[in-house]
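Going by Swiss-Prot, these are the annotated features:
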| type | residues | note |
| --- | --- | --- |
| BINDING | Trp12, Lys107, Ala142, Arg257, Val282, Glu284 | NADPH binding site |
| BINDING | Lys107, Gly138, Thr140, Lys193, Asp246, Ser256, Arg257, Asn258 | sn-glycerol 3-phosphate binding site |
| ACT_SITE | Lys193 | active site, proton acceptor |
Amino acid sequence: MSRIAVIGAGAWGTALAIVLGRRGGHAVRLWAYEQEVVASILARRTNDLFLPEASIPATVTVTDSLTDALNGAEIVLSVMPSHHVRRLFTQMLPHLSDDMVFVSATKGVEDQTYLRMTEVIEEVVTPRFSPRLVAVSGPTFAKEVAKGDPTAITAASSDEDLARTVQHEFSDPRFRVYTNRDVVGVELGGALKNVIAIAAGICDGLELGHNSVAALVTRGLAEITRLSLACGGHIETMAGLAGLGDLVLTCTGGLSRNRTVGVELGKGRKLADIIAGMRGMVAEGVLTTNAAIGLANKHGVEMPITQQMHAILHQGKSPSDAIRELMSRPSTTEVWL
């Protein structure tokens, strides 16, 4: 029996705990920061705050103690917001060991440092030991995963055996896991698509039609690909689950928090008011925009959509003005990387 610690009981962390718990053969411990989450799971086997529709199997134990969650764990699954990863791994460090496998399911890039999530974990843990790391990503809505709707993701690691281990431990008939060696592309695809999803939502909020969203998704994929390649990613990954797959889902699906932020911005609402109404949930694209611009500047990569999203989110630019500027850029060839 594999012992798995799931660190983070938001919607996505809870959904993954459900997948692992229903698979059988796992002892799953779900760590939650929020006392309300712990209480509701203990009382009703539901996460009333973040994923109230889903029933959590008895094979999943909930705790608010990191020590208890990590005790004896063979796999540590990190599903916390990107801005908490460094702090929590620093807090967990005394309880971590080199025989653990660390799996990151967080789709984000750290602000200021521009590090991907596995890089953050590696930087924190390496003074003690060299961590064994895997990143998982793909087109996933937590609600559908928890429900058992057919889903496919990618597990990426420079160590193929580690990727296959995660593939084996996470797969079931309703949750298919592929492997990939391109950690850079898988993580950047999962993080950067959130920025493009906000842009797609703005188009819907402004009622600009389907053509505009299709154009944004396509050109958004082009700039994500350019940055990923500049950082060492592989172009093939951008055509896969962690690239195109996740981008299409997040830009068009009604359950996308990042797209929803864009829709509300397009309707004229203020970002602070939108975030305040999200009940503690995180739209990673808002934070990732800063890091994406930093990475683009570092590598000399042109990312016009991302630049306009940064201006809207952090500089108060009008969404209508941003769209107008994107459409009036100098003409160029379509295919260039």
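Just so you know, glycine gets a Cβ as well, placed from its N, Cα and C.
These figures come from a predicted structure and were not determined experimentally.
Taking the features listed in Swiss-Prot, we show where each one sits on the structure.
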| residue | record | contacts (Cβ under 8 Å, 6+ apart) |
| --- | --- | --- |
| Trp12 | NADPH binding site | Val79, Ala105, Thr140, Ala142 |
| Lys107 | NADPH binding site | Ser82, Ser137, Glu187, Gly190, Ala191, Lys193, Asn194, Asp246, Glu284 |
| Gly138 | sn-glycerol 3-phosphate binding site | Thr151, Ala152, Ile153, Thr154, Gly190, Leu241, Ala242, Gly245, Asp246 |
| Ser256 | sn-glycerol 3-phosphate binding site | Phe141, Ala197, Gly201, Leu249, Thr250 |
| Arg257 | NADPH binding site | Met278, Met281, Val282, Ala283 |
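According to DSSP, Gly138 (sn-glycerol 3-phosphate binding site) is assigned to coil rather than to any helix or strand. Whole-number maximum of the Cα to Cα distances across the NADPH-binding residues Trp12, Lys107, Ala142, Arg257, Val282, Glu284: 15 angstrom. Maximum intra-site Cα distance, sn-glycerol 3-phosphate binding residues Lys107, Gly138, Thr140, Lys193, Asp246, Ser256, Arg257, Asn258: 16 Å. Within the same chain, residues at least 6 positions away in sequence whose Cβ sits under 8 Å from that of Asn258 (sn-glycerol 3-phosphate binding site) are Asn194, Val195, Ala197, Ile198, Gly201, Thr250, Ala283, Glu284, Gly285, Val286. Sorted by the number of other CB atoms within 10 A, the binding-site residues Asp246, Glu284 start with Glu284, the lowest. By neighbour count, meaning other C-beta atoms within 10 Å, the densest spot among the binding-site residues Thr140, Ala142, Lys193, Val282 is Lys193.
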